[in-house]
Amino acid sequence: MPKASAASGKKETRHVSLIVRWVSIVAMTIAVSFLVFSAVVYNTVKQEALSQQKDTSNEVVNILRKRLVGIDDELEITNVVQQLSPNTRRILKGGPALSQSENSNSSVFGDTVLSTVTNPDVTVAIYNLRNEIVFHNGDSAPKLVKFTSESKSVVKENKKGKSILYVYRKVRNRSTHKLTGYIVVRNQMTSYNRLISRTLSAMLWLSLLGVSLAILISYLVVRNVVKPINKMSKVAREVNDDPNSTARIPELHRNDELEELALSFNMMLDRMQKYIEQQKQFVSDVSHELRTPVAVIEGHLSMLKRWGKDDPQILEESIDASISEAERMKHLIQEMLDLTRAEQISVHYPNAIAEPMEVLTRVVGDMGMVHPDFKISLEVEDLDPDTKIQIYQGHLEQILIILIDNGIKYSTDRKEIAVSAGQSGQEMQIVVQDYGEGISDEDKKKIFNRFYRVDKARTREKGGNGLGLSIAQKLVESYHGTIDVESVLGQGSQFRIIFPVLSDEDVKRLQSREQQKQAEESGESSNPQSAES
Ligand code: ADP
């Protein structure tokens, strides 16, 4: 025993709490969902912002290219500056310089279109075919890299981890399509980098907040569920340690499945303890009942041992008494078996059907033959001979025999038993009336209890064990019937049993179920291997 409890104790410490399990599952699920969601949102925002930046850079490239495609020769400082700055061009052509009002946007080139180049993020450089810078704005000119297609754009990361967009474009003469140079535009993408870092940190914080909230809420929810479960297992452990414990789950006041479970659990414990109590009582009653015949037999045997061998009268008497006690024990054991079996009717005879008219006629006739000194009559009112009730025929016989036998056993002068039967609506009733000693109101409440006898000594004389009515009641109730008694002390008793009558549909249903059951049983017995498996 200590070994087993130590093992179970070990098992308990190893189990992972439902709270931990549930909370980690929820936290993981929320975290993964957030991660996926964040990744999708982040990527979309990134793509969108990057495409805006590319548009800006391409716009600058196109403005420059449009100006440069008119140059026939290779790009040089002289022809490029002239093309890009109208002011220079005007002066070179001998015209006046741009006025202050014309030059109002104060860009490097004084050109409204080119002023876009003055975006502080954007630096442009123009290279000739020998990779020499012929023009650039800003402090450091973006470097030219080799590229084969007409244009190329790449995003590179600087040392600080900021993304920088480079756009490279070949410049060809408008009419000859001859390559004259290259345009390189570098975009620092400040707003893009700011947006990306803000989005990232917002998502990080949001994820942390979401996961923490999910953990908190799921912890509260699960704790709410686990608390009553813990209470239940505590009560179960207490009852396990002491089967007589009165520990029960307190009212949960939650109106849900757990409340229902707790109620069923308490009901189960009540029932289990009642059964244990009944079982104990039964064992003690049985031992008590067996003690008397065993003591009687023992007494006779010791008497025989001492004097009986030489005294034929004692020998004869003792043997007779021992046989009669042994028979009583046999009878008692049979009755106890009947009582136990009566509790399992639904398992053994679930579809049995009997015709009460036929059974009544037979039993009353048989009892009349066995007790010729008694007038046992049968009176039937409104009971169709075809009326059927759900009961195993042998059990209906047993009930009737117990009641008629009691009537005979506890009779006085009037040796008469009147059995009557009738039907009203969906019920049929059988009444067994005797004119014997009767039962007091006090005893009427107890006669259906096991081993209860009104007058122990007299009943024993009559061969009663106090089990007959318990068996009859168990049988009747197992077949959904009722049994009761009316009695006047000194005048007689009337035992009434009522059974529901079967409709034609009920009969068909029970018959088909019985056929099915028999088919299954014969199938099982013809294939013992499958039954075993
Ligand atoms: P038993 O086998 O001892 O008769 P029962 O359970 O049949 O046991 O009956 C219990 C007790 O009820 C009997 O001991 C008897 O005192 C009383 N009793 C039963 N039937 C009758 C009856 N018809 N008239 C008077 N008393 C009865």
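Backbone N, Cα and C atoms are what each Cβ position is placed from, and that goes for glycine too.
The shown structure was predicted, so the numbers you read here are calculated from the model rather than taken from an experiment.
Residues or ranges marked as transmembrane segment by TrEMBL: 20-45, 202-222. TrEMBL lists 223-277 with the feature domain 'HAMP'. Positions annotated as domain 'Histidine kinase' by TrEMBL: 285-503. According to TrEMBL, the region 'Disordered' annotation covers 509-533. Sequence annotations record features per position, and here TrEMBL assigns compositional bias 'Basic and acidic residues' to 509-520. TrEMBL lists 524-533 with the feature compositional bias 'Polar residues'.
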**Fill in**
Under 8 Å Cβ-Cβ from the transmembrane segment (202-222), and at least six residues away from its ends along the same chain, one finds 18-19, 22-23, 26-27, 30-31, 34-35, 38, 41-42
**Asked** Could you give the mean pLDDT over the domain 'HAMP' (223-277), rounded to a whole number?
**Response** 89
**Prompt:** Under DSSP, the compositional bias 'Basic and acidic residues' (509-520) has how many residues in helix, strand and coil?
**Reply:** 12 helix, 0 strand, 0 coil
